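Beneath this line is the structure, given in structure tokens, with notes to follow.
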Amino acid sequence: MTDEAPFDTNIVTVTRFVMEEGRKARGTGEMTQLLNSLCTAVKAISTAVRKAGIAHLYGIAGTTNVTGDQVKKLDVLSNDLVVNVLKSSFATCVLVSEEDKHAIIVEPEKRGKYVVCFDPLDGSSNIDCLVSIGTIFGIYKKISKDDPSEKDALQPGRNLVAAGYALYGSATMLVLAMVNGVNCFMLDPAIGEFILVDRDVKIKKKGSIYSLNEGYAKDFDPALTEYVQRKKFPPDNSAPYGSRYVGSMVADVHRTLVYGGIFMYPADKKSPSGKLRLLYECDPMAYVIEKAGGMATTGKEAVLDIVPTDIHQKVPIILGSPEDVTEFLEIKKYTAK
């Protein structure tokens, strides 16, 4: 006989974890309220994603969002869920969503001190073929003394107090980065709670996978072409890198975090400013990767150092294991001469 119980009676839920962190920092508890509310939305989206075919949520809603992407029915549902739960958390004052042209200003009676930027359903072009998709979020403190406005969201990623993503894959995982590091929580559907499964996650110093859409290779700049060539045909005859690209940022970045390597969505001739959005895609992912010991750059500067000028601003991004990103930057510097 073993003394080990078949059921862990001392589980660490995301609520318990954030409350413990808040107690150490002598916080007000507003962050716990906010993340609890966000988890409620993530659970609801996870359920909707898994029921989408039965509930007729596949297909296009007949509109495009502010960045020109076709809006899917699940996008609309997910956006409404996140907006409503964040407003009712009494912890937010400004919300920025990929799906809304302007920032959402929370009603005075529901306002708190946080600004949240989010992509409610990233990778939604993959919904119909059942590829993993996700929700991305970044949380800032309001720093101005004025009434809440769109300007409160135009902060560099260095000001983030928390960021992360939910991945709706073979299981639903929440990856949360805060000042002390990155922690992963798995949704246990039996009890409806996110359970801590990986504490203080660190990315490998060097990986063996590169990830980008090589369909755009004719528009790559010389540095990127040279880097990819080196990964396929290493000059020192070492093993070539594997190529993995899902086309869903959450899935690609999560794999990079877990296995190491490099993820690239660079600028090219067709998209000189890149295609991914700074506030609710690049900054949160860069924050997660940096807190895990990795690097995130545009090729010219650290993603987290950029001061946004527009809530839907686009930037190039290269992130991942520090040695892999450094190698790319060295090639970039060398080819620019």
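The backbone N, Cα and C atoms fix where each Cβ goes, and this holds for glycine too.
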Among Ser78, Ser97, Ser208, residue with annotation phosphoserine (source: Swiss-Prot): Ser208
Residue in Glu226, Glu281, Glu290 which Swiss-Prot records at the Mg(2+) 3 site where Asp119, Asp122 also bind: Glu281
Co-listed AMP-binding residue [Swiss-Prot; alongside Val18, Met19, Glu20, Glu21, Gly22, Thr28, Gly29, Glu30, Met31, Thr32, Lys113, Tyr114] among Lys73, Lys141, Lys145, Lys151: Lys141
Among Glu98, Glu99, Glu107, Glu150 - the residue Swiss-Prot places in the same Mg(2+) 2 site as Asp119, Leu121: Glu98
Local Cβ density at Ser248 (substrate binding site) - other Cβ atoms counted within 10 Å: 22
Fewest Cβ neighbours within 10 Å, where candidates are the binding-site residues Gly22, Gly29, Gly215: Gly215
Extra residues within 8 Å (Cβ to Cβ centroid of Asp119, Asp122, Glu281), Mg(2+) 3: Glu98, Phe118, Gly123, Gly134, Thr135, Ile136, Met249, Val250, Leu276, Arg277, Tyr280, Pro284
Cα separation, Tyr265 (phosphotyrosine) to Tyr245 (substrate binding site) (Å, whole number): 11
